[in-house]
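Chemist: Marked as disulfide bond by Swiss-Prot: Cys14-Cys81, Cys59-Cys110, Cys69-Cys112.
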Amino acid sequence: RHSDPARRGELSVCDSISEWVTAADKKTAVDMSGGTVTVLEKVPVSKGQLKQYFYETKCNPMGYTKEGCRGIDKRHWNSQCRTTQSYVRALTMDSKKRIGWRFIRIDTSCVCTL
């Protein structure tokens, strides 16, 4: 909820949910070349290892947006809320067992398409 009185009552065109996802949850992803890579659970650092986390946002399947985008006139437009993806860097292993930092696709937003 917004604390600014001028913004009260504002609703997004599409409902979304965001959550932190670990590499253990993700397991595999698609890299920039379109290949499937294994997402490594831990990243080696000087004092041990750190877990990889990704902040993902996607359309909420339980939200209002099942019937189209909020605020779009259904008599004139056919609208749909869709999850879009962006690339982020992650420590991964490819099919040839090569480990390295690659850009992978993750869910990052929920947008309205007409």
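Including glycine, each Cβ sits where the backbone N, Cα and C put it.
Burial and contacts for the listed features, if you can.
Modeler: Around the Cβ of Cys81 (disulfide bond), a 10 Å sphere holds 25 further Cβ atoms from the protein chains shown.
Summarising the environment of Cys59 (disulfide bond), the number of other Cβ atoms within 10 Å of its Cβ, over all protein chains shown, is 22. Secondary structure at Cys59 (disulfide bond), as computed by DSSP, is strand.
All protein chains included, Cys69 (disulfide bond) registers 23 other Cβ atoms within 10 Å of its own Cβ.
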Chemist: C-alpha of Cys14 (disulfide bond) to C-alpha of Cys110 (disulfide bond): distance in Å?
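Modeler: Their Cα atoms are separated by 6 Å.
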Chemist: Say you check the Cα of Cys59 (disulfide bond) against those of the disulfide-bonded residues Cys69, Cys81, Cys112; which is nearest?
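Modeler: Closest by Cα distance to Cys59 (disulfide bond) among the disulfide-bonded residues Cys69, Cys81, Cys112: Cys81.
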